[in-house]
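The ATP 1 binding site annotation in Swiss-Prot covers 208, 209, 210, 211, 212, 213, 214, 215. According to Swiss-Prot, the feature ATP 2 binding site maps to 603, 604, 605, 606, 607, 608, 609, 610, an assignment based on similarity to another entry. Look at Swiss-Prot and you will find 2-148 tagged as domain 'Clp R'. According to Swiss-Prot, the feature region 'Repeat 1' maps to 5-69, an assignment based on sequence analysis. What Swiss-Prot lists as region 'Repeat 2' is 84-148.
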């Protein structure tokens with residue numbers, strides 16, 4: 001048997017055996033092997049196709065030959081494909097002889113294809129001869145793809161035409177496909193040209209954050225190459241982009257990746273400097289193939305780069321450059337780094353304006369100038385974990401897609417008319433024969449509605465047709481403008497003038513006429529993308545309210561203090577200051593570099609500090625659960641502080657991130673409540689300094705978390721003793737007591753922490769008069785819970801006064817009142833409900849009054 005064959009030949013023989021077993025054939029024969037070899041993704045299939053063989057007919061003949069092979073009646077699989085047929089043995093022997101004659105070290109699929117021609121009567125050979133194929137053509141083809149080199153590798157078939165298999169010709173793609181217009185970045189392109197023109201170290205690597213336009217710079221450079229807008233030494237050069245996925249695909253055995261990569265690099269070397277390789281995400285190839293006892297791609301590249309055999313352009317991010325390339329000093333020296341910075345807002349606007357026609361043509365919409373400005377400014381402000389211009393383009397794409405979807409849907413008026421028609425038809429069917437007048441009126445009304453609906457549908461369809469025609473003309477206009485620009489670049493002035501003065505002008509006139517016809521008719525479809533559409537996308541992606549204040553929200557903001565007072569009693573100053581911060585934020589005049597508001601609530605326990613934060617979350621977000629709450633008593637130890645931003649690398653929980661940073665990252669627009677802040681370890685305050693001042697915090701993974709759209713509320717019991725004493729003595733918080741509380745605060749917290757807080761609010765201790773309001777708030781919650789069980793609870797005013805008096809405790813605020821209500825109200829009601837389970841389906845009315853200084857319950 002053959003000493004050594006390629007992995008593809010071995011695998012093909014194994015697969016052919018499985019095919020023979022599946023067909024219950026006694027012997028493994030040539031048709032089984034050829035059925036495997038000519039699968040569409042196999043080397044032989046591509047080999048035959050390149051020789052213009054009709055592969056479909058070839059596969060049909062192979063399948064017919066398999067059907068002719070005798071089938072065993074035995075059901076024992078061990079009896080199938082036990083032997084090689086004589087003609088398959090002869091084929092392998094002839095292939096081995098071809099290998100020897102060609103001075104190859106391994107038997108390849110090519111040897112099998114050659115050996116098949118020694119069996120002139122084989123139907124497969126007969127067909128190939130009829131197609132004009134012979135050994136001479138096969139030898140010529142082998143010499144071309146091997147470039148005169150012998151077969152020495154066990155993965156020989158995978159390294160032929162490596163450049164075409166594992167890389168993409170960017171020059172050809174730029175000529176064949178329409179490419180996006182590249183706006184700006186001329187400095188970076190000139191840097192690439194300068195580096196490629198050097199004698200030594202003529203390899204460039206673009207380093208920048210994801211989304212800043214590294215790949216776009218290469219596309220722009222390729223466009224300049226294709227148009228010969230480069231120095232003479234670079235004219236005629238071809239850029240190939242490495243397809244890392246194709247290079248790694250199917251590399252099951254050690255060394256396969258290296259052989260493919262070396263073959264690709266050899267093709268580049270053979271081009272004598274005409275080919276430049278572009279490696280996107282170059283960090284992924286540097287360590288590719290790295291296993292124990294083998295070399296990686298960097299080890300293959302370094303000698304070639306050092307000798308100047310190849311030229312490479314790479315792109316990567318700052319972090320990956322540091323980890324993969326900068327880490328390997330020898331590799332780093334071979335590259336010249338080009339830093340690609342994030343564009344500023346003005347530069348981003350230039351890019352967006354340049355790409356505007358592309359998005360308009362694709363989606364069939366119109367992009368307003370304010371929409372572009374909103375995409376740049378809002379993405380910069382509210383999407384902090386990505387970079388311009390990519391994030392701005394994403395907003396535009398998303399808004400255009402949403403507008404396009406809405407423009408193809410039936411208008412709301414038509415939906416309303418359809419629903420109205422159904423309602424009227426139901427009414428008509430329910431009328432009796434005696435309701436003659438009503439039937440007559442309804443039938444007339446139905447006819448009117450049907451006519452309105454038909455007219456609306458016709459108008460909508462006509463407008464839709466006009467919009468489709470406008471979009472076709474716009475696409476045609478873009479193509480004409482590209483032709484005109486190309487003519488101007490090629491100095492074809494006559495063609496340029498003809499296109500500009502005739503075809504482009506006619507196209508503009510047709511578009512203007514169609515737009516006028518649409519505007520003159522009843523305009524139903526909206527295809528204009530404005531600032532509001534972009535803001536809606538930002539709000540949907542981040543949860544941050546950036547749209548203009550709507551009418552219902554305006555009412556809520558104007559009455560925010562009243563809404564908060566519904567649940568918060570006796571804390572006018574605190575409610576006022578928090579409300580003002582929210583209104584400043586929604587009006588858009590607060591400092592955009594700081595949180596919406598940062599507050600330190602001081603006061604005795606049970607006076608409403610935490611309750612105000614909960615109520616604020618309920619009013620703004622619809623639920624008090626929509627709040628990030630951290631109990632700072634859990635952060636008393638020094639080692640617990642790291643849980644806020646996440647443990648450092650190597651520690652348990654590193655992948656989960658920090659409790660504060662992760663919560664805010666998922667809810668960018670939220671209320672952050674740090675309860676009982678004085679109990680936290682002093683190092684916590686160092687962490688919070690950056691949040692209070694700059695509105696950001698870096699977690700353990702190096703990600704910057706944006707706190708600019710949060711309301712930070714910290715509560716503390718510091719000074720509560722002085723406040724209670726003041727109330728007992730004078731009934732209010734005096735200026736002397738306020739001074740004492742602030743003095744105690746200064747002793748507890750550092751000045752740099754206190755100076756960064758927007759407002760320090762002293763909560764009043766609740767008086768007996770305030771307690772009546774607290775009782776009403778708590779009872780209203782109880783009434784809402786009972787109403788779910790069809791129980792209506794009513795209390796007389798004297799009950800509220802009695803409960804307030806019995807539950808009042810100046811030292812502990814409203815918390816004792818919860819126990820009083822539980823004992824005086826909830827317990828008797830619970831007992832009644834248990835005793836009357838049978839009447840649960842009936843509505844129950846409960847009235848509570850006072851008799852002899854005790855509560856009296858009346859059930860009905």
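Positions of Cβ are set from backbone N, Cα and C atoms, glycine also.
Sequence features annotated in Swiss-Prot and their locations in the structure.
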| residue | record | Cβ within 10 Å |
| --- | --- | --- |
| 209 | ATP 1 binding site | 17 |
| 210 | ATP 1 binding site | 14 |
| 211 | ATP 1 binding site | 18 |
| 212 | ATP 1 binding site | 22 |
| 214 | ATP 1 binding site | 23 |
| 604 | ATP 2 binding site | 22 |
| 605 | ATP 2 binding site | 16 |
| 607 | ATP 2 binding site | 29 |
| 609 | ATP 2 binding site | 28 |
| 610 | ATP 2 binding site | 18 |
Among 208, 608 [binding-site residues], residue with fewest other Cβ within 10 Å: 208
Integer mean pLDDT for the region 'Repeat 2' (84-148): 81
Rounded inter-Cα distance in Å - residue 215 (ATP 1 binding site), residue 610 (ATP 2 binding site): 51
Listed in sequence order, residues not in 603, 604, 605, 606, 607, 608, 609, 610 with Cβ within 8 Å of the centre of the ATP 2 site Cβ atoms: 601, 611, 715, 717, 763, 813, 814
By Cα-Cα distance, the member of binding-site residues 208, 210, 213 nearest residue 605 (ATP 2 binding site): 210
Separation of alpha carbons, residue 214 (ATP 1 binding site) and residue 608 (ATP 2 binding site) (Å): 54
Same chain, 6+ residues apart, C-beta under 8 Å of the C-beta of residue 213 (ATP 1 binding site), given in sequence order: 185, 340, 343, 351, 389, 390
Around the Cβ of residue 606 (ATP 2 binding site), the count of other Cβ atoms that are within 10 Å: 22
Closest of 208, 209, 212, 214 to residue 606 (ATP 2 binding site), Cα positions, binding-site residues only: 209
Helix, strand or coil at residue 610 (ATP 2 binding site) [DSSP, three-state]: helix
Any further residue of that chain within 8 Å (Cβ to the Cβ centroid of 208, 209, 210, 211, 212, 213, 214, 215) of the recorded ATP 1 site: 315, 317, 340, 342, 387, 390
Least Cβ-crowded entry, counting other Cβ within 10 Å, from the binding-site residues listed as 215, 603: 215
Residue counts (helix, strand, coil, in that order) that DSSP gives for the region 'Repeat 2' (84-148): 44 helix, 2 strand, 19 coil
Residue 211 (ATP 1 binding site) versus binding-site residues 603, 607, 610 - nearest by Cα: 610
Among 208, 209, 212, 214, which are recorded as binding-site residues, the nearest neighbour of residue 609 (ATP 2 binding site) by Cα: 209
DSSP-derived helix, strand and coil totals, residue by residue, for the region 'Repeat 1' (5-69): 46 helix, 4 strand, 15 coil
Integer Cα-Cα distance in angstrom, residue 603 (ATP 2 binding site) to residue 212 (ATP 1 binding site): 50
Cα-nearest neighbour of residue 209 (ATP 1 binding site) within the listed binding-site residues, 604, 607, 610: 610
